[in-house]
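Chemist: Could you have a look at this structure, given as C-alpha cells, before my questions?
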C-alpha cells in the first residue's frame, strides 16, 4: 500500500536493535485518515473471505481493526492484555511473549464475543515473530471457530512470523512488507 | 445521542457496585458503525472550538477518539498507561487513579506529539470521578497548551467528574448522561 509505505519513509524512525518506530501515525499518535484508507484496503483484500468478526489485541491494533470493521460491516473485538489473570470460565486466554518488551502477557477475550459460526479476521499493527497472531489463533482454536484471514499493517518479512502463518495456509495480507532495516534504512519487499 | 442511549438500553448491563458494563459495543467488543456516528457527533459538537489535536487514554478511548479525529481532520494521540515509568525528559506524565480497578497508573504522552500552539480536545469513554480527564488536563498544563473541549461517550452525571470539569469552564459534551443505575436500571438525564 503505497500511501502507508510513503508514510513510513516520511516519519518512521529506525532505531538500534532492528526497531522501526511508527509512533508518529500508528501506535501513539494516530493518523485517522490513513487508518480509514487502511480499513478500506483490508475490506477490499478480504472481501471474498466471508468474515463475520475481526479480532485484534489492545492497544495498537484497535485503530486499524475498527476502521476495517467499519468498511466490512462486522464487529471488532480487542483482546485485553494482562500481566496475569485469575482464570475463569468466561474468557478464552492465551500467553503472548513480546520480544520487544521482553515480557509475557496473557490476552483474553470474553466468550460472549466469539460465536460458534464465526469466521474471524485477525488484524494487528506489526508482524515480526508472530506471537500476538499465535495467541489469537490459539483463542480461535479454543473457541472452535475458523480464522479466514490475517491482516497486518507492517510486516517484517525477514522474521519468522510470516513463515509461521504461511504454513497454516490462512490468507495473509500485509499492507507494508519490510525486507530490511539495515543501515538505518527501511527497504520494502518489491511487489 | 439517541442511537447511543438505545444501544446502552439494549446491551448495557448494570452490575453490583454501580457498574455499567458496555463491553458489548465500546470497550471490549466494538461496534464500528456506532463509533463512526459518535465521531461525527463529536465533530459537530466541537466544530466551533478550533481543535487542532485530540488526546485520549488507551485502550477504550481509542476507537471513539480516532473516529472523531477522522471527521474533524485532526491527529489523535493516545496516552500510554504504565504501572510505573522510568521518568525521562521526553514524555509528559501524570498519575491516574482508577476507582473501578483500585489501581494507580501513570499515563504518558511523548513530548513530540503535543505542539506549542495546540488546542486540544480530550476524548474518553467514561466520565465518573474524572481521574483520567484530570490526568490529561495535567499533561496539557505541563505542555502549556489549552484544552478547548472535553468529549465523553458515557457520563455518570451524579459522580464528581462532571462538576470538576464544569468548574474549569471547559466546553464539556457527553453523548449519554446517566442519572442513575439504581434498581439495575439505566436512567438517563432528560435533555
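From the backbone N, Cα and C atoms, a Cβ is placed for every residue, glycine too.
Bear in mind that TrEMBL entries carry predicted annotations, made automatically and left uncurated.
According to TrEMBL, the xanthine binding site annotation covers A:20, A:27, A:156. For A:128, A:129, A:130, A:131, A:132, the entry in TrEMBL reads 5-phospho-alpha-D-ribose 1-diphosphate binding site.
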Chemist: If you draw a 10 Å sphere around the Cβ of residue A:27 (xanthine binding site), how many other Cβ atoms fall inside it, taking every protein chain shown into account?
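Modeler: Neighbour count, Cβ to Cβ under the 10 Å cut-off: 21.
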Chemist: Write out the long-range same-chain contacts of residue A:156 (xanthine binding site), meaning residues 6 or more apart in sequence whose Cβ is under 8 Å from its Cβ.
Modeler: A:18, A:20, A:126, A:127, A:128, A:162, A:178, A:181
Chemist: Find, for the listed binding-site residues A:20, A:132, the residue with the lowest Cβ contact count at a 10 Å cut-off, counting only other Cβ atoms.
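Modeler: Each of the binding-site residues A:20, A:132 was scored by Cβ atoms within 10 Å; lowest is A:20.
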Chemist: I'd like the number of other C-beta atoms within 10 A of the C-beta of residue A:128 (5-phospho-alpha-D-ribose 1-diphosphate binding site), please.
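Modeler: The Cβ of residue A:128 (5-phospho-alpha-D-ribose 1-diphosphate binding site) has 22 Cβ neighbours within 10 Å.
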Chemist: Three-state secondary structure of residue A:20 (xanthine binding site) from DSSP?
Modeler: strand
Chemist: Other residues with Cβ within 8 Å of the Cβ centroid of A:20, A:27, A:156 at the xanthine site?
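Modeler: What remains near the Cβ centre is A:12, A:19, A:21, A:22, A:125, A:126, A:128, A:154, A:178.
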Chemist: Residue A:132 (5-phospho-alpha-D-ribose 1-diphosphate binding site) to residue A:27 (xanthine binding site): how many Å between their Cα atoms?
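Modeler: Cα to Cα, residue A:132 (5-phospho-alpha-D-ribose 1-diphosphate binding site) and residue A:27 (xanthine binding site) are separated by 15 Å.
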Chemist: Xanthine site residues A:20, A:27, A:156: biggest Cα-Cα distance, Å?
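Modeler: Of all Cα pairs among the recorded xanthine binders, the widest measures 16 Å.
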Chemist: Can you check which residues sit near residue A:130 (5-phospho-alpha-D-ribose 1-diphosphate binding site), meaning Cβ under 8 Å from its Cβ, same chain, 6 or more apart in sequence, and list them in order?
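Modeler: The list for residue A:130 (5-phospho-alpha-D-ribose 1-diphosphate binding site) reads A:159, A:160, A:161, A:162, A:164, A:165, given in order along the sequence.
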Chemist: Measure from the CA atom of residue A:131 (5-phospho-alpha-D-ribose 1-diphosphate binding site) to the CA atom of residue A:27 (xanthine binding site) and give the result in Å, rounded to a whole number.
Modeler: 18
Chemist: Who sits close to residue A:131 (5-phospho-alpha-D-ribose 1-diphosphate binding site): which same-chain residues at least 6 apart have their Cβ under 8 Å from its Cβ?
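Modeler: Listed in sequence order, they are A:96, A:97, A:98, A:99, A:161.
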Chemist: Which chain-mates of residue A:129 (5-phospho-alpha-D-ribose 1-diphosphate binding site) that are at least 6 residues away have a CB under 8 A from its CB, listed by sequence?
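Modeler: When sequence neighbours closer than 6 are ignored, residue A:129 (5-phospho-alpha-D-ribose 1-diphosphate binding site) has A:99, A:159, A:160, A:161 within Cβ distance under 8 Å.
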